[in-house]
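Copied over from TrEMBL, here are the features:
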TRANSMEM  12-34  transmembrane segment
TRANSMEM  46-71  transmembrane segment
TRANSMEM  83-102  transmembrane segment
TRANSMEM  114-136  transmembrane segment
TRANSMEM  156-177  transmembrane segment
TRANSMEM  183-207  transmembrane segment
TRANSMEM  235-259  transmembrane segment
TRANSMEM  271-289  transmembrane segment
TRANSMEM  301-319  transmembrane segment
TRANSMEM  325-346  transmembrane segment
TRANSMEM  382-405  transmembrane segment
TRANSMEM  417-438  transmembrane segment
């Protein structure tokens with residue numbers, strides 16, 4: 001097998017451009033279908049219908065996650081085990097992402113069924129691309145050092161792509177749409193999807209998977225493979241810690257727009273500034289976080305990141321009450337510091353080591369299924385977030401939680417925005433508890 005060069009690692013990392021569609025979903029789907037009062041958009045349906053439609057689509061997606069991972073473990077071709085899945089899923093993923101923003105407007109029922117159908121297709125193709133792509137790390141990385149380097153480069157580009165998806169939209173909407181917000185949003189989505197295609201195409205056509213992998217196919221049944229995986233305590237603790245972290249992070253990402261416009265009183269241009277501060281801070285802290293994790297291990301640094309997130313996100317609740325609204329920009333910058341590790345570096349690196357250790361201990365190649373199961377838990381975090389957040393956002397002085405669930409209330413309340421920030425704090429605390437019980441793998445010497 002050939003040596004895994006830095007060039008190949010970078011070419012692999014370019015393919016994480018699908019992180020852009022992840023950010024589109026997290027930040028713009030809810031905002032598009034349940035817009036704020038100052039957005040210039042009109043709601044398509046009641047919050048409870050948005051929640052149901054996306055919950056159904058998430059349920060469909062949760063079924064496909066382990067299945068796609070297992071199939072990629074069993075599959076083999078002259079192009080490898082993982083790359084063919086990425087190639088097949090790329091264009092459909094892009095098309096359904098764009099389709100989110102062209103719902104029928106004839107009736108609320110039509111919009112509801114459309115969102116449910118497109119959401120199901122979106123998550124299915126996201127899994128077909130994402131699970132095998134991530135499983136390439138233990139597939140072509142044969143040593144802990146190579147896997148850490150692949151995870152690091154993937155994190156660098158994931159951060160870059162996510163920053164693009166957060167910073168550019170405000171600029172693109174104005175540039176493309178002018179005063180027509182709807183046209184501007186649609187143009188922005190198409191522009192970002194072109195970037196997604198280019199990144200994935202580079203990986204598909206330049207990373208020759210078979211040059212770095214023996215292409216060993218799993219000979220263990222699906223049932224037996226699941227049995228092997230769930231016996232690993234570290235894997236279970238990692239999954240739940242990761243899931244609760246991303247529930248909090250998803251909520252935090254989704255309420256950024258609301259905070260800037262409704263709490264701080266600014267416009268879409270300032271959304272870009274707040275996003276740039278958050279991801280700029282994460283980018284600055286990326287290298288030191290990576291170095292610290294090599295010295296102290298993933299667990300200790302992850303716990304420090306979560307502790308800082310708990311403190312800084314709690315401070316959002318007091319923005320405009322105790323702290324002046326301008327302090328919000330400082331808070332977004334502070335929140336970005338721990339995200340460098342918690343949201344970007346650690347998830348692929350930790351799971352790559354866990355799955356490799358399980359494969360070595362059991363003799364079964366389960367990397368694809370491991371990332372598929374991670375996808376299941378990741379999508380569960382999105383499901384919980386997307387079901388609860390619309391209800392929390394419309395809660396206010398005159399709207400109880402029962403009214404928010406049962407009525408057709410569609411106006412986002414300031415009280416609801418504040419409560420949403422506390423929901424993130426709650427989930428970060430639960431995540432901290434699980435990672436506290438986690439122990440770094442003794443087989444993976446990342447301190448070299």
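Here, residue 1 is simply the first one shown, and the rest follow in order.
Glycine is no exception: its Cβ is also placed from the backbone N, Cα and C atoms.
It should be emphasised that the depicted structure is a prediction, and the values quoted were computed from it without experimental measurement.
Same-chain residues lying 6 or more positions outside the transmembrane segment (301-319) and placing a CB less than 8 Å from one of its CB atoms are 241, 245, 248, 252, 259, 263-264, 289, 292-293, 325, 327-328, 331, 334-335, 337-342, 346, 418, 421-422, 424-425, 428-429, 431-432, 435-436. The stretches the transmembrane segment (325-346) and the transmembrane segment (46-71) are not in mutual contact, being linked by fewer than three Cβ pairs under 8 Å (pairs 6 or more apart in sequence). Away from its own ends, the transmembrane segment (12-34) comes close to residues 41, 43-45, 47, 50, 54, 86, 90, 93-94, 97, 100-101, 103, 111, 115, 122, 126, 129-130, 133, 136, 140, 150, 153-154, 156-158, 161-162, 164-166, 169, 185, 189, 192-193, 195-200, 202-204, 207, 250, 253-254, 256-257, 382, 386, 389-390, 393, 410, 412 of its chain (Cβ-Cβ under 8 Å, at least six residues beyond either end).
The recorded stretches the transmembrane segment (271-289) and the transmembrane segment (46-71) do not share 3+ CB pairs below 8 A when only pairs 6 or more apart in sequence are counted, and are therefore not in contact.
The stretch from 46-71, 114-136, 183-207, 417-438 with the most CB pairs below 8 A to the transmembrane segment (235-259) is 417-438. If one looks beyond the transmembrane segment (46-71) by at least 6 residues along the same chain, the residues whose Cβ comes under 8 Å of a Cβ in the stretch are 29-30, 33-34, 85, 108, 112-113, 115-120, 122-124, 126-128, 131-132, 135, 218, 222, 225-226, 368-373, 375-376, 379-380, 382-383, 386-388, 390-391, 393-394, 404-410.
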